[in-house]
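J.: TrEMBL feature annotations, pasted as is:
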ACT_SITE  D471  active site, nucleophile
ACT_SITE  D536  active site, proton donor
BINDING   W188, D359, D360, R436, K469, W470, D471, M472, N473, C514, D536  substrate binding site
DOMAIN    36-276  domain 'Glycosyl hydrolase family 36 N-terminal'
DOMAIN    639-724  domain 'Glycosyl hydrolase family 36 C-terminal'
Amino acid sequence: MLILKPGISYHKGKHAWFLSTENTSYVIGVDVDTGLVLNLYWGSRLVTFTDIDLDNKLAPERSSQDPAITSATEEFPVFGGLRYGPDLLRIQFESNKTRELDLVYKQGELNHDKTELVITLEDKVHTACSVRLRYRLDIENDLVIRSATIHADGEETLILTKAHSAAWHIPPPANSCERELITLAGAWAAETQVQTHSLEPGTSQVLQSTRGIPSAQAYPYFAVKDQVSDGEHNDCEVYFGSLGWSGNWAIELHTDIQGNVAITGGMHDRDFEHRLNNTRFELPEFVAGFTVEGLSGARKCLTNHIRDHKDISLVKDTKHVAPVLYNGWEAYDFRVTFENQKEMAQKAANLGAELFVLDDGWFHKRNSDNAGLGDWFADSAKFPNGLKPLADHVHDLGMLFGLWFEPEMVNPDSDLYRQHPDWVYHYPDRTRHLERNQLVLNITKKEVQDYLLERIISTVKSVGVDYIKWDMNRPISEAGSQFGKTVWTEHVHAFYHLIEKVKEATALIRIETCCSGGGRTDLSILKKTESSWPSDNTRPDARIAIQYGASFIMPANSMSCWVTDSPNDDPFTNIPISYRFHVSFMGALGIGSNLNGLSDSELKEYRGWIALYKELRDVLQMGHLDWLVVPTSKPSAYTAVTQTSKDNAAVVLAYRQSSPFWLPLRPIRLRGLTACALYDVKIWSRDPNQPAFTGIMSGSALMNKGLDLPYLTSKAYSSVVAHLVQKAQVVE
């Protein structure tokens, strides 16, 4: 009997493909009677072709009101015929105005190393219209990577009015429990809030953004899990996925009366139209997976995939840890000068910062957010000799130098806009609406791209810039363009083009994606850049919740986590330095505090926490993040506890936001350790230079009895860092 190996295997007799990862199988087959390509199975790993009944047929029709094709688990359902369920593709044929498709299987091609499958569907009548479905596997992370390309190979013009990338089909749970949907919703300064929704039979849900960006309001991510506890850990099946597209998007979930869930996703069809004539149209990747290890397993699979499968033509080293960053925006905002930034750079270097970032305010006449955007020249009043002397000073201090840009934006009060008012998206007879006193440049115009590339690349090379913070502080509106309705996709492609050209010309400069916080965080841009800014909100009490949600889609070494003042917008709350640092230990550490306002003892504490972070950084950034306690507001419980593990080491971060009753907390049970091994354990609470506890414990004790943390009993905003390193010897 043939044992299926990881990869893609073809069953010729049944006309089916088994897509096998380390722990899962995804099976598709062709119904030879209808030519439809169906999903036959998606779940835990199958080991032989005979593990499931390969019935590549439509289910029997129950009644004329329930056509069999409507409930079929089609891999690429289209608009046409007796389909009344979700569809991926809608096309009008210009020659005869037919608005329906009838796509059938034509061929399947498996590459030589059995890692990629391409299935071609062709319209029965309009044979010049075809769709090629592409399947790839991330075997180690149990992911199926899907995309599609629409071909118009003849003179016939096709008018696309909807084009999603893939459909996923989830059967009802075998144990008859209910399923629920996990999404990431939010707003500015409140991004990635984890939401739970019931998947009621006969209902539909739509996750979407129509702002021209992925947006902070919703994220192109879903997880469907069994309705048991919080679903974080083992014994909980989770199907999950994410869309790689940095523009308008939609993910639709439809649950039928039997509990079957159909999920479709891709570019949003709002104001969407593409005309194809003897050309093709590529759709973005939609990645999905299955795990029995709960949301923790889903998090590990997706974030490992993003971290380990960066676009290697754009990212130098996918295994490189992020440097400790200092950004002086909160200290000086627009009031930056050569002198105050030079002084701040010295202070940042003294603390142990490795990257110094000059944020907004450095360019021509940029004294507020009312003016200057688009004029990417150093302000001569603030930097009389340009930016290079500051960059040289930063480099002499042993740090990298970073610079803020917002390339897609322009202020009406700028030389660029006065010279080229036609360079913004607009309609001649409509108001040009401002947000944050700015308009959106039409970057689909070649002359706009050329200007931006010249300014950015010239600045990077002449100054010696090592890092760009690429911001976008408003959504797109009045999207008038030479491209018509295709502008929404053309803007995204132009954005990718700018990123790629800047990186190609600057030896792959490090780029952080930012969009008023986390408004442009999707699978595609995360693979093209090194880091992402989750939120403008840096309050630790808010960031715990934000970073919990962000951890589903952002690898830790990509997630920028800043320590800022305490918090400077709330005079009635005083959050200890230790708590602020411990929350920021969860990802790529950054410092945004006004260092001028810190005492010598506070600067010493900052320096101590930064040094400790560097010791633990490899585990914190490159390990597997597991939430032992998900964020809660219960005063008698931990606020949150994380454990990040790599090789033979682990770091535990535990938080308690309030303790009004002075009740002790139970020991926290750790996970994934070696039971019979001994571990050196160190715990730090308020002092980075003096551990509160050092000792040796067995893995069994840490996982069963748990780790005692009495340091969290009595004070609000209490937290600890625990470091565990496995010793060579094993318990006898």
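Along the chain as shown, residues are numbered 1 onward.
Even glycines carry a Cβ here, placed using N, Cα and C.
Automatic prediction, not curation, is the source of TrEMBL annotations.
Burial and contacts for the listed features, if you can.
T.: A C-beta separation below 8 Å, combined with a sequence spacing of at least six in one chain, links D471 (active site, nucleophile) to D360, W404, F405, E406, C514, C515, S516. The secondary structure of D471 (active site, nucleophile), as reduced to three states from DSSP, is coil rather than helix or strand.
Annotation for D536 (active site, proton donor): spatial neighbours W188, A189, S516, G517, criterion Cβ-Cβ under 8 Å with sequence separation of six or more.
Take the CB of N473 (substrate binding site) and look out to 10 A: across all protein chains shown you find 21 other CB atoms.
Along the domain 'Glycosyl hydrolase family 36 N-terminal' (36-276), the predicted structure has mean pLDDT 95.
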J.: With every protein chain in view, how many other Cβ atoms are within 10 Å of the Cβ of W188 (substrate binding site)?
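T.: Looking across every protein chain shown, the total is 17.
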J.: Determine how many residues of the domain 'Glycosyl hydrolase family 36 C-terminal' (639-724) DSSP places in helix, in strand and in coil.
T.: 9 helix, 38 strand, 39 coil
J.: For the substrate site as recorded (W188, D359, D360, R436, K469, W470, D471, M472, N473, C514, D536), determine the largest distance between any two Cα atoms, in Å, rounded to the nearest integer.
T.: 19
J.: Does anything in the same chain, at least 6 positions from K469 (substrate binding site), have a Cβ under 8 Å from its Cβ, and if so what?
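T.: Expected: N327, V357, D359, G402, L403, W404, F405, I511, E512, C514, W533.
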